[in-house]
Amino acid sequence: MLYRTAGQFKTSYTADQALFPIRQDAYLLGIILIFAWVVFPLTASEFTFQTLLIPILIYSLAAMGLNILTGYAGQLSLGTAAFMGVGAYACYKMVTIMPWMNPVVAILLSGVFSAGVGVAFGIPSLRIKGFYLAIATLAAQFFLVWLFEKWAWLYNYNASGAIQVPNLKMFGVYIAGPQADSMIQYFVVLGIVTLLTLLCINLTRGNLGRTWKATRDMDIAAELIGINLMKSKLTAFMVSSYVVGVAGALFVFMWRGAAEPNLFDIPLSFRILFIAIIGGLGSIMGNYLGAILIVGLPVVLNTLPQTLGIPISSAMVEHLNIMIIGSLIIFFLIIEPHGLARLWALIREKLIIWPFPY
Amino acid sequence: MKDTEGYVTADGRQIGGVLMEMRNITLKFGGVVAIKDISFDIREGEVRAIIGPNGAGKSSMLNIISGFYTPSEGEVWYKGEKRPPMKPYEVARQGVARTFQNIALFEGMTVLDNIMTGRLTHMSAGLVSQAMWWGKARDEEIANREKVEEVIDFLEIQSIRKTPVGRLPYGLKKRVELARALAAEPSILLLDEPMAGMNVEEKEDMSRFILDVNDEFGTTIALIEHDMGVVMDISDRVVVMDYGKKIGDGTPDEVRNNQDVIDAYLGVQH
């Protein structure tokens, strides 16, 4: 009923290739955007901003970057956290060397550095693929984290070896650092994430997206119909690392407030990979669904038993969380390799023809 | 350059000059000689078939034409120029499109996206324009979509436009693959066993499409096929290969009466 598509005729290719060929999708997104921009900021508490809204957005962005590389271009990467680190450290150096710089510009520029590093570490993908490439990106992971630790210039030679986000102002308002307000930070993150999501959707539905998907599905055929595989893979690494780098800068500047090198260690890479897998490889929306699940689950597990009056220790919550997430990953790998996004697509397909299935 | 006048086929079509010429091609894999000193030409507008028993080196020859293999010896001449060693994607950009013996479609994409991929040699919008979906990228997307729709109409696959390729039956996949190659608007179209594994009806459809393509767009076609009946019916000239050597070359009638060809196919009494 809700998804009746009858009567929506396309009379031009422009209309058929619009972002939302089905009107209901546009309405749905409109409602989500209203919630994200208006309803949540009006109702959310400090706790909700810090434990749910901001991390969900940042993790979604990081997973989206990884998804472009792994889900669209088919190049498996285990170095996501390290590229996030590059973005974070680049942003830190920029705002400390040039304190007058607009912090949002600095965050967006920091992705450029991680894009460069990403392309450099993407070069092995020209010769190796699959698991072997995953190992090569693992090298990037270990090397970069080691570099964050040993290269004192990166953290301005301070004794702790960690980077501390300074107070940063934009238009007279603190947007980063200890004095920043959570709601302002949320809006900054939301703005950047919305913008990058739109750009990523456009890239993946256009010519470049098809080039990536062709490379993923059958690289030999792709080359024989005129795709330069080197270019295709390296642009995937570039775009992916850019997005991941921006996510890394947001991660530290808008959420954590400080970062040690081991924050960007391999568990973070895996966490983002899990989000991408559970959400759905080869889907943009899936990253959001995956991040909501991975970030939201521990919060729900923490608060739900308390509100219901069930006594449960925090260690137990931790164990439950690991068990549930672990079994979900296995479930999705076996039952639905395309993740939550595919589940939604199936529901939508069924809704469109409901109540007559044929 | 040899003669450029061409000839007139039995059904009265004018065939143009030499489009592609293979000169003394030899292909070796280590000690194995897959192709030995083969020369032939493909003329503009003709349907040229390469036939031969299993293992004769037909597919290797097609792979040389599409740039996937580099010949050990010999030269490929294309549009009157000697082709330097180049990557397969560069060959594709020069107007050589092909289909594959085992279907090589992009299974995760829809039919429309697969065929659009065939047009990517005609698209050049930059990263930024594509990310914005504005300006050149958008115009290109629409213009190329129109071209793709022409191909979709031509091959009568309108109804499966938005179906993921993985869900299609074999015969349709073959047709989509042909559509993807056609979408590139190639000067020369290579078909590697376009009718393998099809039933009679599907073969008839495919033959009709191949002839229509040749007729309508004037596309030069080089094809490998095992079904002798089909080959003799649709091709203008035939090259026959056996054990990596060329044993016959000419019109279907000439080839049919060639003693070497008969021996290769029927066996010879020792």
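Using the three backbone atoms N, Cα and C, a Cβ is placed for every residue, glycine included.
Please treat TrEMBL annotations as automatic predictions, because they have not gone through curation.
Note that the coordinates shown come from a computational prediction; the quantities given were computed from them, not determined experimentally.
For the transmembrane segment (A:26-43), the list of distant contacts is 19-20, 53, 183, 186-187, 190, 194: same-chain residues at least six beyond its ends, Cβ to Cβ under 8 Å. The transmembrane segment feature in TrEMBL is assigned to A:26-43 (among others).
For the transmembrane segment (A:49-69), the list of distant contacts is 40, 75, 77, 80, 83-84, 182-183, 185-186, 189-190, 192-193, 196-197, 200, 203-204, 212, 236-237, 239-248, 250-251, 254-255, 271-273, 275-276, 279, 281-284, 286-288, 290-292, 294-296, 299: same-chain residues at least six beyond its ends, Cβ to Cβ under 8 Å. Per TrEMBL, transmembrane segment is recorded for A:49-69 (among others).
Annotation comment: TrEMBL describes A:76-95 (among others) as transmembrane segment.
Residues of the same chain lying 6 or more positions beyond the ends of the transmembrane segment (A:101-123) and with a Cβ under 8 Å from any Cβ of it are 75, 79, 83-84, 86-88, 90-91, 94-95, 136-137, 139-140, 144, 168-170, 175-176, 188, 191-192, 233-234, 236-246, 248-250, 253. What TrEMBL records for A:101-123 (among others) is transmembrane segment.
Annotation comment: TrEMBL describes A:130-148 (among others) as transmembrane segment.
The transmembrane segment annotation in TrEMBL covers A:183-203 (among others).
Under the heading transmembrane segment, TrEMBL lists A:234-256 (among others).
Among the features that TrEMBL reports, transmembrane segment is placed at A:268-301 (among others).
The feature transmembrane segment is assigned by TrEMBL to A:322-347 (among others).
The list of residues near the transmembrane segment (A:130-148) in space but at least 6 beyond its ends in sequence, with Cβ under 8 angstroms from a Cβ of it, reads 75-79, 81-83, 85-86, 89, 117, 121, 124, 154-155, 261-262, 264-266, 269. By the count of Cβ pairs under 8 Å, the stretch nearest in packing to the transmembrane segment (A:76-95) among A:183-203, A:234-256, A:268-301 is A:234-256. Among residues of the same chain six or more beyond the transmembrane segment (A:183-203), those with a C-beta under 8 A of the stretch's C-beta atoms are 19, 33, 36-37, 40-41, 44, 49, 53-54, 57-58, 60-61, 64, 68, 104, 107-108, 173-176, 209, 239, 243, 246, 250, 254-255, 284.
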